[in-house]
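Some notes on the structure that comes next.
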Amino acid sequence: MLKITIIAACAENLCIGAGNAMPWHIPEDFAFFKVYTLGKPVIMGRKTWESLPVKPLPGRRNIVISRQADYCAAGAETVASLEVALALCAGAEEAVIMGGAQIYGQAMPLATDLRITEVDLSVEGDAFFPEIDRTHWREAERTERRVSSKGVAYTFVHYLGK
C-alpha cells in the first residue's frame with residue numbers, strides 16, 4: 001500500500017503562505033524537506049510549482065496538479081487531479097504531498113503520515129493548512145524546539161493516522 005505523507009511548515013495560526021510565498025525563511029526546514037523528499041515522488045498544485053525557486057526539484061519525480069488542461073510544467077508531469085497523481089505513484093513506497101492549501105485539503109483524508117514543521121510565528125497570509133483533527137491523528141514524534149540560523153523558532157512533528 002502506498003504511504004502518503006503530507007509535508008508542510010505552518011505558523012501558529014496554520015498559515016502556510018502569503019502571496020504565493022512562504023512568510024518565513026528557515027534554512028534548516030528546507031534541508032529537512034530536501035533530505036526527506038529526495039528519491040520520492042512529490043505532488044504539488046500549480047501555484048506551489050510556480051513558487052519554487054528551482055524547477056523541477058532535483059532528484060525527485062515532480063507531479064503538478066492543475067485544472068488547466070493545457071498547463072505545461074517543464075520538467076514535471078502535469079495531471080488534472082490528486083487521484084491521477086497518486087495513481088502515477090503506484091509503484092513507489094511513498095508519495096509526498098507538498099502543497100498548497102487546496103491540495104492539502106484534498107489529501108488529508110487519504111494521508112497516512114503528516115510531517116509538520118511548527119513555526120513559532122503568527123503571520124498574516126492567504127493560504128492555510130487544514131486543522132489537524134486529533135481524533136484521526138496521533139503525534140508519533142516531536143523534536144525539541146530549535147531556533148534557526150535566521151532566528152525563527154520551530155519544531156518538527158510527525159503524526160500518524162489512527
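Just so you know, glycine gets a Cβ as well, placed from its N, Cα and C.
Following the DSSP three-state reduction, the secondary structure of Thr117 (substrate binding site) is strand. Annotation comment: Swiss-Prot describes Ile7, Ala8, Ala9, Asp29, Arg60, Thr117 as substrate binding site.
Annotation comment: Swiss-Prot describes 8-9, 16-21, 45-48, 65-68, 98-103 as NADP(+) binding site, evidence class similarity to another entry. Every protein chain shown contributes to the tally, and the Cβ of Ile103 (NADP(+) binding site) ends up with 21 other Cβ atoms within 10 Å.
Residues or ranges marked as domain 'DHFR' by Swiss-Prot: 3-161.
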For the C-alpha pair, I'd like the distance in angstrom between Ile65 (NADP(+) binding site) and Ile7 (substrate binding site), rounded off.
16
Cα-Cα, whole number of Å: Ala8 (substrate binding site) versus Gly100 (NADP(+) binding site)?
9
Non-local Cβ contacts of Ile7 (substrate binding site) (under 8 Å, 6 or more apart, same chain)?
Phe33, Tyr36, Thr37, Val96, Ile97, Met98, Leu114, Arg115, Ile116
